[in-house]
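Visitor: Handing you this structure, nothing more for now.
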Amino acid sequence: MCGIWALFGSDDCLSVQCLSAMKIAHRGPDAFRFENVNGYTNCCFGFHRLAVVDPLFGMQPIRVRKYPYLWLCYNGEIYNHKALQQRFEFEYQTNVDGEIILHLYDKGGIEKTICMLDGVFAFILLDTANKKVFLGRDTYGVRPLFKAMTEDGFLAVCSEAKGLVSLKHSTTPFLKVEPFLPGHYEVLDLKPNGKVASVEMVKYHHCTDEPLHAIYDSVEKLFPGFDLETVKNNLRILFDNAIKKRLMTDRRIGCLLSGGLDSSLVAASLLKQLKEAQVQYPLQTFAIGMEDSPDLLAARKVANYIGSEHHEVLFNSEEGIQALDEVIFSLETYDITTVRASVGMYLISKYIRKNTDSVVIFSGEGSDELTQGYIYFHKAPSPEKAEEESERLLKELYLFDVLRADRTTAAHGLELRVPFLDHRFSSYYLSLPPDMRIPKNGIEKHLLRETFEDCNLLPKEILWRPKEAFSDGITSVKNSWFKILQDYVEHQVDDEMMSAASQKFPFNTPKTKEGYFYRQIFERHYPGRADWLTHYWMPKWINATDPSARTLTHYKSAAKA
């Protein structure tokens with residue numbers, strides 16, 4: 001996890017513009033660099049480094065002697081870089097995984113390059129010989145990327161929007177900043193004056209497609225057919241491989257552990273893989289909650305069962321409320337469920353950075369979207385509609401859960417790894433017949449639970465524990481986090497303010513006092529940027545008025561059982 005930043009065709013002083021890049025310094029606390037592009041006085045790269053691989057030669061922009069005309073600034077991890085290096089007999093100058101991008105590009109061009117990458121990434125690639133700039137982002141947008149571009153060809157790119165909003169340009173007082181779409185790459189022409197012109201934006205991969213790099217994978221051979229035992233066996237193979245490939249790091253590995261199915265499966269599988277790799281330190285797991293939190297109790301059971309070095313972080317409602325301003329600034333969103341869920345993740349990331357030496361942190365993000373884990377999937381009209389909803393959620397991950405996971409950890413200089421969003425695992429899961437993936441017997445993620453039932457990875461009560469949203473599970477059932485927040489904002493936002501909400505916030509007008517309160521904080525940090533959030537996250541098919549799972553009928557009936 002790093003912070004990348006670049007300008008092309010700036011008409012303001014670069015030394016002044018570069019101050020904006022310091023707003024993402026948290027993403028790379030180990031080192032930083034600014035570098036002007038040879039022959040272009042108005043183009044430069046900025047880079048903040050979190051040293052995870054090759055601490056000696058890993059600074060960016062990456063340039064190698066063989067390709068003096070190529071400049072690469074990227075944030076991410078390319079898990080198959082060694083396999084590709086060996087396959088094509090590339091001669092590396094560094095041990096940095098991102099160097100593979102330069103070699104692949106020289107060999108086959110940008111489309112073949114990006115389709116061959118197994119990993120998570122956001123990159124800026126400059127080819128001064130052919131006068132081209134390329135931007136690219138991974139399938140699910142696990143690594144963030146934002147851009148601003150003017151009609152006259154000024155281009156600014158950054159890992160987070162906050163690194164772009166204060167940039168100056170002569171043609172506009174207000175730069176339009178927008179997220180770069182996941183699963184896409186863009187080709188731009190570089191003009192002699194340093195400005196650019198967009199040539200094409202290409203969607204190179206859809207989440208349901210098996211990735212091109214699969215033909216070079218070293219995964220065990222998968223078995224054909226969709227009978228249950230075959231599918232379960234294939235899922236176990238792919239999940240183990242998703243964990244194993246993500247062990248690539250020179251820093252200590254830890255794992256977030258809520259005690260729910262997803263994080264527990266990741267933690268148990270991760271610990272098994274670390275033992276097999278003969279890693280010489282215990283796995284640290286981390287749980288957070290208030291007193292009487294069901295998550296804390298469940299996480300403790302898992303940690304005791306798998307034998308991790310477990311850390312519990314307690315916080316109270318006052319600490320959670322006080323963190324809201326920092327959280328919304330870090331997130332760059334005002335989405336209600338995202339803000340709620342981010343507080344606990346932000347506070348535990350702060351604890352990890354301050355009190356441990358774990359830097360690479362595994363987590364269970366992406367499973368709910370992929371495996372139909374949200375409780376409202378019980379109300380899906382048909383397996384096909386559930387499949388459509390699952391794919392929609394995956395496409396929008398970069399606006400919600402993936403955004404939350406990246407920003408809350410990156411704010412404290414941590415790198416998050418999410419094996420459920422592995423290309424091979426997710427594309428295989430999405431290829432299964434729709435009726436295999438729906439909730440069964442009143443239990444969501446039934447197939448995933450069945451897959452690991454006989455593996456002794458987890459206690460049965462954890463493997464079959466009902467879904468509990470992270471923002472709910474950190475507090476007791478009697479005093480949910482969403483209720484604590486709603487009670488607090490009741491005294492911060494009055495009825496008169498709500499009646500004028502549509503005039504003050506005509507776009508995405510908040511419907512609740514909680515939403516109004518978050519929007520106020522967001523506008524204070526990012527005035528006029530409300531369109532970064534296209535819509536609020538809400539459950540489907542159930543006419544919900546609040547995104548909390550604890551407001552749903554299915555949850556209430558399950559809680560009484």
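Every residue, even glycine, has its Cβ placed from backbone N, Cα and C.
Per Swiss-Prot, the features are:
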ACT_SITE  C2  active site, for GATase activity
BINDING   R49, L50, A51, V52, V53, N75, G76, E77, D97  L-glutamine binding site
BINDING   L256, I288, S363, G364  ATP binding site
DOMAIN    2-191  domain 'Glutamine amidotransferase type-2'
MOD_RES   K385  N6-acetyllysine
MOD_RES   T545  phosphothreonine
MOD_RES   S557  phosphoserine
SITE      E365  site 'Important for beta-aspartyl-AMP intermediate formation'
Visitor: At the Cα level, what's the spacing in Å between S363 (ATP binding site) and A51 (L-glutamine binding site), rounded?
Guide: 20
Visitor: For L-glutamine, what surrounds R49, L50, A51, V52, V53, N75, G76, E77, D97 with a Cβ no more than 8 Å from their Cβ centroid?
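Guide: Here the nearby residues are M1, C2, G58, V96, G98, E415.
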Visitor: Which one is closest to G364 (ATP binding site) in space, judged by CA to CA distance, out of the recorded positions C2, A51, G76, D97, K385?
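Guide: Closest by Cα distance to G364 (ATP binding site) among the recorded positions C2, A51, G76, D97, K385: G76.
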Visitor: Over the residue list L256, I288, S363, G364, recorded for ATP, what is the maximum interresidue Cα distance in Å?
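Guide: Largest pairwise Cα separation, rounded: 15 Å.
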Visitor: I'm trying to understand the geometry here, so how far is the Cα atom of L256 (ATP binding site) from the Cα atom of R49 (L-glutamine binding site), in Å to the nearest whole number?
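Guide: Given the Cα positions, L256 (ATP binding site) is 23 Å from R49 (L-glutamine binding site).
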Visitor: Tell me, what is the mean pLDDT of the domain 'Glutamine amidotransferase type-2' (2-191)?
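Guide: Reported value for the domain 'Glutamine amidotransferase type-2' (2-191) is a mean pLDDT of 94.
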Visitor: Hey, of the recorded positions listed (S363, T545), which one tops the CB count within 10 A?
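Guide: Top count of Cβ atoms within 10 Å goes to S363.
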Visitor: Which of these binding-site residues is closest to K385 (N6-acetyllysine) if you go by CA atoms: R49, A51, G76, D97?
Guide: G76
Visitor: Provide, as an integer number of angstrom, the distance between the C-alpha atoms of D97 (L-glutamine binding site) and T545 (phosphothreonine).
Guide: 45
Visitor: Cα within 10 Å of the residue listed as 'phosphothreonine': which of the recorded positions V53, G76, E365 qualify?
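Guide: Checking each Cα against the residue listed as 'phosphothreonine', there are no hits.
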